[in-house]
Every structure is written in structure tokens, then in C-alpha cells.
Amino acid sequence: MEETERFVFGLGCEIEESQRLGLGVGKIMFPEKRRRCRNNRPASEEHHCTFGEDELLVSLGQDPDISRVAGSYAFWLIPGLFGQAIVIPLTRYLQTQALVLPLLYTAVATLLFHVPVCWTMVSVFGLGSNGAAMAISVSFWFYALILACYVRFSTSCEKTRGLISDDFVSCVKQFFQYGIPSAAMVCFTTAALHYVIPGGVAAAVSTRVSNNLGAGNPRVARLSVLLGLCLWLVESIFFTTLLFTCKNIIGYAFSNSKEVVDYVADLAPLLCLSFILDGFTAILNGVARESGWQHIGAWNNVVAYYLIGAPVGVYLAFYRHFNGKGLWSGVVVGSAVQAIVLSIVISSMNWKEQAEKARKRILSSEKGLS
């Protein structure tokens with residue numbers, strides 16, 4: 001289920017990139033966006049299959065009762081996936097226009113809707129974990145509905161709203177050309193390395209980069225990357241210092257066992273390194289996505305985590321007997337490799353050439369739609 005969400009998110013990133021470049025170059029191409037939103041939904045449906053998940057878990061050695069509950073829970077999450085496939089491109093559509101407050105208000109409204117619905121499903125109707133999954137699905141559709149209503153009726157979207165067209169063929173090839181590498185780039189990233197703060201900084205930087213590349217301002221795009229990295233450096237220093245200072249007491253948030261608390265304290269340095277490296281890779285991955293280099297990001301994730309980080313983690317954990325610290329060290333090594341490669345690629349980037357490519361891409365897309 002999580003991989004499916006990340007796959008849909010990756011497809012949504014391609015929509016976001018095209019929109020941001022279009023806004024930067026001053027060309028509104030939102031009829032194309034609508035077709036891509038509609039392309040996104042069947043793609044996510046084909047990717048997802050939870051039927052037989054309980055049998056899969058049993059074959060992996062999980063308890064049959066737990067597997068049955070997990071399979072049932074995943075089944076009732078399926079309807080929410082379709083709603084999420086609508087929410088993601090609509091969210092990108094609003095983000096690229098700097099319409100952040102509507103996203104905040106609709107998210108709060110969805111939260112206020114979800115809490116009583118979840119309580120009703122679980123406690124009143126006695127549906128248990130299935131009720132929680134149903135509530136998530138209903139809330140996703142509620143979120144999609146209010147976002148769609150805002151996009152359809154709000155005056156803020158009046159200039160960017162396009163008529164719905166049945167001409168899907170002209171943009172299907174381009175959608176998958178950028179969408180599949182973008183989805184792979186997201187899916188191949190280790191799930192444990194997703195944090196809210198670096199993700200927020202990365203979103204802001206990637207928006208600025210795409211807008212300015214599309215507008216033909218490579219110097220401003222480059223400056224946005226440097227400012228984003230500096231901002232993350234300040235934030236990471238603050239939080240890692242706080243975490244390292246409290247390493248001997250933070251374990252009590254999870255257990256009263258002295259052994260657990262001491263082990264958490266031993267892992268704190270690795271956690272600090274992961275936190276710092278993940279912020280840099282999140283920002284640099286965002287720049288790579290918005291510069292049309294999704295294939296580089298995808299292959300970088302494969303090499304860094306699966307071909308280098310994973311073997312290092314297995315070796316340290318099982319052959320050098322570092323156990324959990326060994327596995328985590330592999331993650332840190334993978335993040336370090338990813339950060340180094342992305343730094344080299346982006347530092348050697350010709351920003352003027354990227355701006356020209358962005359404008360040509362937008363103009364070629366516009367011609368294809370005419």
C-alpha cells in the first residue's frame with residue numbers, strides 16, 4: 001500500500017514539474033493538466049493489487065491471524081487510493097500557483113471530518129481496523145471532493161482553469177516519459193528517510209527552480225537551490241544538536257527499559273547523520289525532478305540504496321555483527337552516496353542551458369496541444 005502511494009506521488013511529480021515550468025514561462029497549459037490528472041488515476045489503479053496480500057504475508061512467515069487482518073485492512077484502503085490519485089495532482093496544481101492557504105484549510109477540514117467518521121466506524125459500528133481503513137478511504141474522497149470544488153468554483157483558479165478535453169493521446173506519451181522515471185525515483189527511495197521539514201524545504205525550492213527555469217531566470221533558480229541548502233543546514237544543525245543533547249533521555253519516550261534507552265542513545269549519532277543527509281538529498285532530488293532529470297534521480301536511488309547501501313548494511317549487520325547499527329549504517333552510506341552524486345550533477349549543471357530546455361519543452365507541449 002505504501003509503495004502504491006509513493007508510485008502515485010511520483011506520477012504526480014511529473015504533473016507538478018510541467019505546471020511549474022508552464023507558470024514560469026507564462027504559458028497556462030491546464031487543459032493538459034486535467035488530462036494528466038485523468039491519466040494518473042488509471043495508472044495508479046493498475047499498479048495497486050492487495051488481493052491475496054494475506055497469503056503473501058503468510059508465505060513470508062507472518063502469523064495467519066495477523067495476515068488476515070492486514071489483508072482485510074489493505075482491501076478497505078483500496079477505495080481511498082482512487083481518491084488519493086485525484087488529490088495529489090490537484091494539490092500540485094494549487095501548489096504551483098502558490099495557493100497554499102486553500103490547501104491548509106481543506107486539510108484541516110478533512111482532519112475535522114476524519115476524526116468523527118473514524119470514531120463512528122470503529123466505536124459505534126464496531127468495525128475495528130476495517131472501520132479505520134474505511135474512514136481513511138472516505139476521508140480521501142472527501143478531501144478530493146472539496147479540492148475539486150475549490151478548483152472548479154474559486155475565482156483564484158479562474159485564469160488557469162481549462163475546459164475538459166477528451167484528447168488524451170497527445171499527452172499520454174509525454175506523461176509517462178517523465179511520470180514513470182519520477183515515480184521510480186520516489187519508490188526507490190528508502191521509506192524511512194522521509195521527513196516533513198526537509199520535504200517542505202524541498203517543495204519550496206523545487207517550485208522556485210521550476211518557475212524560474214520556465215521564466216528564463218537561471219541565476220535565480222541557482223540561487224534558490226543555494227538558499228534552500230543553507231536553510232536546511234541551519235535547521236539540521238538546530239535539530240541534530242537538540243537530538244544529540246537529549247540522546248540519553250529520548251529513549252524513555254518508547255520504553256522504561258534501561259537497555260532500550262541506552263541502545264537509542266547509541267543510535268543517536270546515526271540518526272543525526274541520517275537527518276542531515278536526508279534533508280540535502282530531498283532538496284537535491286527536488287531540483288533534479290524539476291529540471292527534467294528524473295531518470296538520473298531514479299538510477300541514483302537504485303545505485304545508492306540498493307547496490308551500495310543495502311550490501312554495506314547487510315555486511316555490517318550480519319558479518320561484522322553490528323546488528324541494528326550496521327543496518328542503519330548502510331542507510332547512512334546510501335544517503336551519503338546519493339547526496340554526493342546529486343551534488344556533483346547539480347554543481348556541474350549549465351543553468352542557462354536548462355532554462356532554454358525548459359522553455360523548449362513548454363513550447364513543444366503547447367504545439368502538441370494546439
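Glycine too: its Cβ is placed from the backbone N, Cα and C atoms.
As recorded in TrEMBL:
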- 73-91: transmembrane segment (TRANSMEM)
- 103-125: transmembrane segment (TRANSMEM)
- 131-151: transmembrane segment (TRANSMEM)
- 229-255: transmembrane segment (TRANSMEM)
- 299-318: transmembrane segment (TRANSMEM)
- 330-351: transmembrane segment (TRANSMEM)
Seg_contact(the transmembrane segment (131-151), the transmembrane segment (229-255)) with at least 3 CB pairs under 8 angstroms, min sep 6: no
Same-chain residues at least 6 beyond the ends of the transmembrane segment (229-255) whose Cβ lies under 8 Å from its Cβ atoms: 197-198, 201, 261-265, 268-269, 271-272, 275-276, 279-280, 283
